[in-house]
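TrEMBL annotations:
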BINDING   78, 99, 100, 107, 172, 209, 239, 293, 303, 304, 305  substrate binding site
MOD_RES   207  2,3-didehydroalanine (Cys)
């Protein structure tokens with residue numbers, strides 16, 4: 001009788017030979033019949049056809065979302081999570097996401113210090129379950145093998161909603177505001193946008209005026225339409241940086257009763273709880289909401305470091321508050 005190790009080696013060899021002999025199959029197997037792909041060809045197209053295919057759809061979207069029910073500034077983990085909750089529950093609402101970078105996702109493509117794994121404390125794992133994202137369960141926390149798996153999954157699901165449009169490589173330069181009462185009350189009525197590359201070069205080029213996305217709830221003459229629900233802006237631009245905490249900085253200039261408290265030192269336990277509890281509507285200016293690390297800058301919460309549960313959950317909480325606004 002052969003030793004167990006020898007039997008195992010033979011079995012492994014047979015299995016490998018079987019795999020080697022398995023026909024290769026892929027999406028183009030029925031199209032390509034030659035080993036050297038000499039029979040492969042794309043369908044013909046004109047260069048102008050490509051240009052028209054892109055520009056016609058983009059400008060159609062600009063027109064469609066010129067008035068939006070929800071404008072989300074920033075497409076990081078909290079912004080995407082909020083967009084998912086809102087779009088899934090209310091397919092009738094138009095949701096425009098404005099992202100300054102070419103690549104959406106914010107800092108959620110990697111974990112801490114450029115490491116791959118993403119750590120989320122429970123009960124954020126319930127969101128991963130809904131998204132069908134696999135993870136390792138470590139008791140009080142879970143680990144997604146690569147942060148990019150989380151980000152790409154949420155992003156792909158959000159972009160499949162027909163009522164969502166992502167305008168990336170687009171910066172928000174200001175907020176549109178209007179009077180909201182007799183005592184100086186203010187409401188946010190939209191966002192001022194521009195190409196990010198233009199925004200970065202206002203100091204070395206001549207005047208390059210922006211564009212605007214207006215919130216729903218107004219008549220054609222610009223006055224408030226009380227028969228329609230007022231739209232909202234959710235800002236999730238992260239902590240201080242080149243485009244970070246933009247709305248938090250702007251809102252304290254608009255609301256003189258508020259000061260920017262600034263993000264405090266790292267404390268994971270206090271930070272994540274503070275960011276989630278602070279996410280939602282801003283009391284000083286109507287129709288304005290915050291989520292993610294921008295809450296820490298606005299409210300003086302601690303930074304949390306490389307743990308991502310509060311990013312997703314704060315977006316979910318803000319999304320829930322926005323859904324309640326439209327339901328009432």
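Placement of Cβ uses the backbone N, Cα and C atoms for every residue, glycine included.
In this view, residue 305 (substrate binding site) is surrounded by 14 other Cβ atoms within 10 Å of its Cβ, with every protein chain counted. Each of the recorded positions 100, 172, 207 was scored by the number of other CB atoms within 10 A of its CB, and the lowest score belongs to 207. Long-range Cβ contacts of residue 239 (substrate binding site) within its own chain (separation 6+, distance under 8 Å): 245, 263, 293, 294, 296, 297, 303.
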